[in-house]
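Peer 1: The structure's right below; bear with me while I get my questions together.
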Amino acid sequence: MRTPFVLLVDLVCVVAFATLGRGAHGEAVGVAQVADTAWPFLVGCLAGWGVLRAWRTPLRLGTAAGLMAITVVVGHSVRVLAGGSTHWTFVVVSIVALTVLLLGWRIVARTILRRQGVHAS
């Protein structure tokens, strides 16, 4: 699986997280509103890719776990520094949701690749 595709799927997962969260709270899910919620976490995800050098082993579950942690920490930090707010429950939900999304799609992809006889690192 090509690294740019893996990065794209990760970024889509972060946008899905923001969209689902806004929808769950009855907030608008237009492009501008979702972008306003997602951008700190997108920054976190990109930072995670850089810190972890995720392009080396993009499908490893350990990479995804580290990516989730960095995405959450940087995302919430940037959100607060930009004048937004956060709450411990939002942090917990972020950890759970991004774990499911970032690890979940990799588990599915690795299973499919394994069944096709492709080694997923």
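Cβ coordinates are placed from backbone N, Cα and C, and glycine is handled just like the others.
Automated prediction, rather than curation, is the source of TrEMBL annotations.
For 38-55, 62-82, 88-108, the entry in TrEMBL reads transmembrane segment.
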Peer 1: Under 8 Å between C-beta atoms and at least six residues away from its ends: which parts of the chain pack against the transmembrane segment (62-82)?
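Peer 2: Distant contacts of the transmembrane segment (62-82): 10, 14, 40-41, 43-45, 47-49, 51-52, 54, 90-91, 94-95, 98-99, 102-103, 106.
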Peer 1: By a Cβ-Cβ criterion of under 8 Å, what residues six or more beyond either terminus of the transmembrane segment (38-55) are in contact with it?
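Peer 2: Tertiary neighbours of the transmembrane segment (38-55) are 3, 6-7, 10-11, 14-15, 17-19, 63, 66-79, 82, 84, 94, 98.
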